[in-house]
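Q: There's a structure below that I have some questions on.
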Amino acid sequence: MSWLEKILTKSNIVSSRKVSIPEGVWTKCTSCEQVLYHADLERNLEVCPKCDHHMRMKARRRLETFLDTDSQVELAADLEPKDMLKFRDSKKYKDRISAAQKSSGEKDALIVMKGTLLEQPIVACAFEFSFMGGSMGSVVGAKFVRAVNEALESNCALVCFSASGGARMQEALMSLMQMAKTSAALQRLSAKGLPFISVLTDPTMGGVSASLAMLGDINIGEPKALIGFAGQRVIEQTVREKLPEGFQRSEFLLEHGAIDMIVNRREMRQRIGGLVAKMTNHSSPLVVPIEQPKLEESAPEQTPEQE
């Protein structure tokens with residue numbers, strides 16, 4: 001055997017064959033582009049451990065991690081959208097519904113559950129953005145009203161996680177009507193003195209932001225969430241002015257008083273649990289008391305003699 005054959009033995013040759021990696025094992029952060037192990041990302045509630053970027057979260061997963069384990073009961077799960085107007089744009093509406101149901105695994109863009117949060121009774125709902133952009137149609141409106149009615153019957157708080165592009169254009173006037181319908185339902189909740197906490201996630205736009213999403217007794221934003229009515233480019237073309245950078249992000253809205261607070265997703269359970277306990281006068285051993293902000297003491301006024 002020659003010296004070359006000794007070097008090129010099978011044990012010394014590295015295979016150039018590509019190793020196949022199962023799909024869904026790794027995920028790239030959409031902000032810092034760091035490659036992340038998907039199982040670790042799920043345990044971290046879809047928050048990047050490198051840059052703290054809050055990625056979009058599936059509605060069902062959000063509710064399952066928000067409510068206490070073994071307390072979750074889904075409501076109005078049988079409701080499905082119908083193409084009552086026989087609407088067609090580049091594609092039939094009924095075909096869009098079928099495609100959205102297949103890709104998202106949900107019947108429509110809102111999921112409603114009742115359960116407990118830190119042993120406190122609560123009704124929670126979440127928008128599924130992957131279902132036609134989380135758009136609000138007649139079924140979404142009906143499910144939200146069902147959530148309000150359940151909160152009224154159970155005498156408990158209501159929490160909604162919004163992630164929507166707005167009203168569903170394929171349902172025309174019927175989708176616009178849901179803005180008034182959901183707002184009227186929340187008025188009944190308010191009249192009974194029950195709290196509604198609205199959590200605005202990325203993105204919350206259009207008819208949803210113009211109705212139920214901004215009607216919370218407390219409006220909470222996730223970090224860097226896009227929140228507004230129309231997009232920045234549309235507004236700039238209308239007013240013919242350059243708008244401030246990030247003017248539709250939750251940090252800008254908090255600074256200008258449009259929302260009440262920004263809460264990290266990993267702290268959401270404890271923070272909302274504390275707020276609900278405070279607003280409903282409910283005591284639970286699992287709730288960490290909310291500390292009152294300390295007021296800055298003003299300097300004593302100087303007398304003419306001291307000056």
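Yeah, the Cβs are placed from backbone N, Cα and C, and that goes for glycine too.
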Q: For the zinc finger entry in Swiss-Prot, name the matching range from 29-51, 190-212, 259-281.
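A: It is 29-51 that Swiss-Prot annotates as zinc finger.
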Q: If one looks at the chain holding C29 (Zn(2+) binding site), which residues at least 6 apart in sequence have a CB under 8 angstroms from its CB?
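A: In sequence order, V35, L36, C48, K50, C51, H53, M55 meet the Cβ cut-off.
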Q: Same chain, not part of C29, C32, C48, C51: whose C-beta falls within 8 angstroms of the C-beta centre of the Zn(2+) site? Give them in sequence order.
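A: In sequence order, the nearby non-listed residues are T30, S31, E33, Q34, L36, P49, K50, D52, H53.
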Q: Which residues does C32 (Zn(2+) binding site) neighbour through Cβ under 8 Å, counting only same-chain ones at least six apart?
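A: For C32 (Zn(2+) binding site), the qualifying residues are C48, K50, C51, H53.
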Q: Within a 10 Å radius of its Cβ, which of these binding-site residues (C48, C51) has the fewest neighbouring Cβ atoms?
A: C51
